[in-house]
Amino acid sequence: MSATTATARLTTRDIQNLKRRGEKIAMLTAYDYVTAGLLDQAGIEMILVGDSLGNVVLGHETTLPVTLEDMIRHAGAVHRGTRRALIVVDMPFGTASDPETALRNAVAIMQRTGCQAVKIEGGATVAPTVARLTEQGIPVVGHIGLTPQAVHQLGGYYRHGKTAPAAQKLIDAALALQDAGAFAIVLEMVVPELAGEITRLLDIPTIGIGSGPECSGQVLVVNDLIGLNVDRTPSFAKPKADVASVIRRAVGEYVAEVKAAEPAKAKGRALADG
Ligand SMILES: Nc1nc(=O)c2c([nH]1)NC[C@@H]1CN(c3ccc(C(=O)N[C@@H](CCC(=O)O)C(=O)O)cc3)CN21
Ligand SMILES: CC(C)C(=O)C(=O)O
Ligand SMILES: [Mg+2]
């Protein structure tokens with residue numbers, strides 16, 4: 001694409017403007033070319049190449065085994081499949097452990113995928129890393145509340161911000177991330193009232209998942225939206241389709257059709273003695 005080609009792709013400023021106008025932001029994950037293209041055609045504003053690919057694509061128990069190379073390969077496919085959506089790439093476990101490591105890895109993501117932003121899990125302690133990336137021109141999305149990369153420390157997938165000290169810590173984290181330059185923050189499984197309070201406190205948009213309706217936008221794992229799962233899904237996922245059934249039925253019909261096919265008739269002279 002030439003430098004003068006007008007691109008229809010949304011920018012972080014467009015996302016900021018959606019919040020200012022009070023228009024909700026619709027975000028979904030995608031991990032491949034075809035799915036990303038369909039989401040783009042359907043008008044999704046942001047696509048997250050989530051490290052949830054470790055669960056829903058690669059079949060791991062957690063997101064921890066996902067590597068930078070995994071993310072870069074899938075993010076490239078998602079970017080190639082889309083024209084309009086702003087693409088955010090998760091920095092996988094261990095790749096944003098300090099500001100310089102994060103910068104090196106985020107630069108690799110930006111240079112090798114064409115995507116527009118990265119997302120980093122963590123609270124106030126991640127703020128210096130967010131500041132380092134944003135001062136280098138890399139847009140960053142924060143991610144607080146349930147942070148799945150810390151599952152072994154958290155001891156499970158549960159709601160966050162239930163006590164007053166926990167709520168205050170999340171508020172402080174959100175403000176620290178905003179001050180550090182994050183252009184949006186994902187709130188995952190945050191008590192809905194608190195998610196609303198954080199959303200009203202911030203200038204930048206909040207993107208909720210399992211955090212109630214008062215966030216500036218919503219994000220969901222695309223498999224949970226379309227009913228394409230073999231494993232248990234989070235309770236906040238309310239599927240709008242049953243693609244798993246569509247696939248099972250089509251495959252079942254194919255299997256039956258293959259099995260029922262007549263053997264090819266022998267042509268010309270009969271074979272001697274079978
Ligand atoms: N398919 C899928 N959807 C997701 O939203 C998702 C992933 N995978 N993988 C990465 C992370 C992990 N996430 C999760 C995983 C499990 C729960 C979950 O089971 N929550 C329970 C409550 C469990 C508890 O209270 O201990 C729930 O019922 O929602 C929630 C979010 C969100 N992400
Ligand atoms: C659940 C969303 C926010 C995420 O981080 C992912 O899909 O990896
Ligand atoms: Mg993630």
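The first residue you see is number 1, and the count goes up from there.
Every residue, even glycine, has its Cβ placed from backbone N, Cα and C.
Heads up, TrEMBL stuff is auto-annotated, nobody curated it.
Over in TrEMBL, the protein carries these features:
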type	residues	note
ACT_SITE	Glu188	active site, proton acceptor
BINDING	Asp51, Asp90, Glu121	Mg(2+) binding site
BINDING	Asp51, Ser52, Asp90, Lys119	3-methyl-2-oxobutanoate binding site
C-beta crowding around Asp90 (Mg(2+) binding site), within 10 angstroms: 30
Cα-nearest neighbour of Lys119 (3-methyl-2-oxobutanoate binding site) within the listed recorded positions, Asp51, Asp90, Glu188: Asp90
Rounded Cα separation (Å) that holds between Glu121 (Mg(2+) binding site) and Glu188 (active site, proton acceptor): 10
Cβ packing number for Lys119 (3-methyl-2-oxobutanoate binding site), 10 Å threshold: 24
Separation of alpha carbons, Ser52 (3-methyl-2-oxobutanoate binding site) and the residue listed as 'active site, proton acceptor' (Å): 13
CB within-chain contacts under 8 A for Asp51 (Mg(2+) binding site), separation at least 6: Thr63, Val66, Met71, Asp90, Pro92, Phe93, Pro148, Gln149
Which of Ser52, Glu188, all recorded positions, has a Cβ with the fewest other Cβ atoms inside 10 Å: Ser52
Pairwise C-alpha maximum, in angstrom, for the residues (Asp51, Ser52, Asp90, Lys119) that bind 3-methyl-2-oxobutanoate according to the record: 13
Close-lying binding-site residues around ligand 1 among Ser52, Lys119, Glu121, where CB distance stays under 6 Å: Ser52
Candidates near ligand 3 among the recorded positions Asp51, Asp90, Glu121, Glu188, judged by a Cβ under 6 angstroms: Asp51, Asp90
